[in-house]
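Novice: According to Swiss-Prot, the feature ATP binding site maps to Gly216, Pro217, Pro218, Gly219, Thr220, Gly221, Lys222, Thr223. The compositional bias 'Basic and acidic residues' annotation in Swiss-Prot covers 8-22. Annotated N6-acetyllysine per Swiss-Prot: Lys116, Lys422, in sequence order. Look at Swiss-Prot and you will find 1-22 tagged as region 'Disordered'.
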Amino acid sequence: MPDYLGADQRKTKEDEKDDKPIRALDEGDIALLKTYGQSTYSRQIKQVEDDIQQLLKKINELTGIKESDTGLAPPALWDLAADKQTLQSEQPLQVARCTKIINADSEDPKYIINVKQFAKFVVDLSDQVAPTDIEEGMRVGVDRNKYQIHIPLPPKIDPTVTMMQVEEKPDVTYSDVGGCKEQIEKLREVVETPLLHPERFVNLGIEPPKGVLLFGPPGTGKTLCARAVANRTDACFIPVIGSELVQKYVGEGARMVRELFEMARTKKACLIFFDEIDAIGGARFDDGAGGDNEVQRTMLELINQLDGFDPRGNIKVLMATNRPDTLDPALMRPGRLDRKIEFSLPDLEGRTHIFKIHARSMSVERDIRFELLARLCPNSTGAEIRSVCTEAGMFAIRARRKIATEKDFLEAVNKVIKSYAKFSATPRYMTYN
């Protein structure tokens, strides 16, 4: 029979004699092996996880969720008397509107409420509501039996308008904006100084400017500056795109603008940023077809909210556009937009600063001549310089390197600035600004 294993793979009796006996691991060796690969806090973390599992098990046992098919607590835990008392004390209310207050200064005032599509009633207040909480025109909650006023309700605002409010501040700061030093100073005078030092304006007897128009070619940092302002102030920030206010049905856009400012007045201080305002703020004209009538109604409502019969309050308004020549003169007048800030192309110092800002978060070699790169990018916007830095990183990735070199930046300048010049609309937009 042929030996398929071979002599080198087959054990002999002499080899078996030389083999050492296999010793079983004791408990100490097993405990030592278990500690391999564990961090300093592994034991504490495991202990906390076990405690959490025990608490969850105890909670489920008390509520009886696992034992019940319906997910209800077991009947032994029911409190029917307390549930009935809760139902009697907390009954569903009907929404109405208080249209007038009769004998408001007396001890027993009466309130005229209007229940929509039903009737009008003269009612009293319940014991839980103070007379100072109710005002004329306010939405209130009334019971279905005596129609007494139980709670005051906040104003009705469209959920689409409420969702425009930004809860988290943008992560852009003034140090992330390059080539706009003068523009940032003008913005801070209008937005930050009235909020932080209002006594300066009171002593002089003037009202601070409340509206700013940011205009300039695309990519010069208008929206970036607005995000930096929102990061610096503690005011509520509401960004609005102009095209969001262009609605299909008549009156919808004007209603959204009205509710937007109504929500802003409820805040202590508010900053509203209208981006691409030329979508609704164009000059009025009659084309004969009436296609732009709804857009013009939206703009008229915006004009009224900016400087109309009702005071604007502590609301700052920023607007950004690439085409200031198309805006309506009524929107541009002082009192509505007090300050116009032009964002022009950055100079040599600004372009160098923009290169350093974008290279700050990149892995680049030392001693890159950013001023030389800035000289090779004349008449370039901040967005184009950012594209140069991104392309330099792509060249480094293509060459399988971990850092970007100056040669990568030079090749990126040739690709973005020189090759893409035919796609640039900056010269055409410079004639509009």
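Glycine too: its Cβ is placed from the backbone N, Cα and C atoms.
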Novice: What is the Cβ neighbour count of Pro218 (ATP binding site) at a 10 Å cut-off, with all protein chains included?
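Specialist: Cβ-Cβ neighbours of Pro218 (ATP binding site) within 10 Å number 14.
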Novice: Using DSSP and collapsing to three states, where does Lys222 (ATP binding site) fall: helix, strand or coil?
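Specialist: The residue in question, Lys222 (ATP binding site), is helix (DSSP, three-state).
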Novice: From the centroid of the CB atoms of Gly216, Pro217, Pro218, Gly219, Thr220, Gly221, Lys222, Thr223, the recorded ATP site, which same-chain residues not already listed sit within 8 A by their CB, in sequence order?
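Specialist: Result: Ala320, Asn322, Phe343, Thr381, Gly382, Ala383.
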Novice: What's the CA to CA span in angstrom from Thr220 (ATP binding site) over to Lys116 (N6-acetyllysine)?
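Specialist: The separation of the Cα atoms works out to 51 Å.
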Novice: Let me know the most crowded of the recorded positions, choosing from Lys116, Lys222 and counting other Cβ atoms within 10 Å.
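Specialist: Top count of Cβ atoms within 10 Å goes to Lys222.
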Novice: Could you tell me the C-alpha distance between Gly221 (ATP binding site) and Lys116 (N6-acetyllysine) in angstrom, no decimals?
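Specialist: Rounded to the nearest whole number, the Cα-Cα distance is 49 Å.
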Novice: Whole-number answer please: how many Å between the C-alpha atoms of Lys116 (N6-acetyllysine) and Gly219 (ATP binding site)?
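Specialist: Roughly 50 Å, rounded to the nearest whole number.
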Novice: Rank the binding-site residues Thr220, Thr223 by the number of other Cβ atoms within 10 Å of each Cβ, and give the residue at the low end.
Specialist: Thr223
